[in-house]
């Protein structure tokens, strides 16, 4: 399919990365290639490592960026950054970008099952080679497990009712499509709650997607690994789309900026030194204009840290 993809906070992210024409940069979430293209435009002798776990994204972006010869495409998870760079004989890089969550091209590809607005098989896998999909979560998890996932990853106040309704419904037969699930959620969420706020299925779909793709698992460790492979003055820029991700990024940056574990009123004896300086004291948010032209950007937050 043709991937139309509007990169979120594009101008701001590129500015914060402080791109050097001869530098080595990593786009850990290639997606539709929007951020990668802007990085490549600014490189002369430099190089871009473009990573995505979704092979379709790699293929589409390779085509989009075919005029640039200084890009290396890697079909892998950005969490394996150390192994990826080692395999390329690269020791340090000058900047890293992550644009977390599901991308617009994945939402647009109906059969992937990411969207609650289009009927599709229960899938939601970012890596199509993974044997584990949304179908397994919805049809095989116990009521308690479903409630935990929906509450924890969707921050859904009706998690208990939704889990109960899913289990009750699947007694009649398998839940195979997204619209089947949407209907169950609508029945579970009281009418008064459905009348206001976002689509009633939004949080549950987010929760199942995070569970299927293990999006939050090891994110803090991945950020630490990325900071480790940054050169001094190199920057890491991370765009998040919900509070769970943002909290992990914020807290990991804070820990790296102030790793001291000594009691606050005592002189430091632990020997742990700051590793980064946080560049964005508050997250950078999209402009009103960007939200109007790209609704996906509404919940985006950008945080940036610089290696000391």
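Just so you know, glycine gets a Cβ as well, placed from its N, Cα and C.
Record note: Swiss-Prot gives 33, 34, 35, 78, 99, 106 as S-adenosyl-L-methionine-binding, and the candidate from 52, 91, 119 in that site is 52. The Cβ neighbour count for residue 33 (S-adenosyl-L-methionine binding site), using a 10 Å radius over every protein chain in view, is 27. Secondary structure by DSSP for the region 'Disordered' (289-308): 10 helix, 7 strand, 3 coil.
The C-beta environment of residue 106 (S-adenosyl-L-methionine binding site), restricted to residues of the same chain at least 6 apart in sequence and closer than 8 Å, consists of 54, 57, 112, 114, 126.
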